[in-house]
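Peer 1: Next up is a structure, given as structure tokens.
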């Protein structure tokens, strides 16, 4: 029982940190740009043009800082997913390998969100300012963001959320059931090897569908879009497997309701 007393709280702490970071990321990526409105200029004066901004050291320093935060997050997320680092963390942390990865990813994302340097007076690629666009464009963006996040949470059902967060590995270890991945079919393992981000289209919608695309938001969307594109490698077999798994889980979810109705 001694290992369980240490493993279970550690896995739960990683899960709580990751869940809270996910909620904070929804606020950072969606609620702040949608409900916060267009960024206000600091001090007097209009927004800068692109040529002026590229010569402004303050703007360039903010963008360089934000780029560093993004590269730190992408680097951590990618480096810790390599086989060499996974083997090292497995050797030192055992069954908590996935929990350590999830916790480090959450900490890197927290660092990015809490230290992000907005560029309120920088140029914008587009902005809905005139009516009726100033009213209807934010509303449309809000609806699309809500739909995207609902789809993201639904797709996570197919990918076994407890296992993604590292909880299932600890649960199986405590009960002596072995490694959860060892029980998965070859088709599932093939899918996991091809796809690290199962919600690519929905995340792209969150990144780009905003009423005001400011300079720092453009940097944020561009770099994460490039990263998502490089990490996305689905083929036709993977899509068929995903569809079959989603249909199976929807059927399982509907069974208790059918039993009640009968």
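Count begins at 1; order follows the chain as displayed.
Using N, Cα and C of the backbone, Cβ positions are placed for all residues, glycine too.
Because TrEMBL annotations are produced automatically, they should be read as predictions rather than curated entries.
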Peer 1: Which one of 79-105, 106-132, 133-159 shows up in TrEMBL as transmembrane segment?
Peer 2: 133-159
Peer 1: Would you please say which range out of 217-234, 235-252 has the annotation transmembrane segment in TrEMBL?
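Peer 2: Spelled out, TrEMBL records transmembrane segment over residues 217-234, not the other listed ranges.
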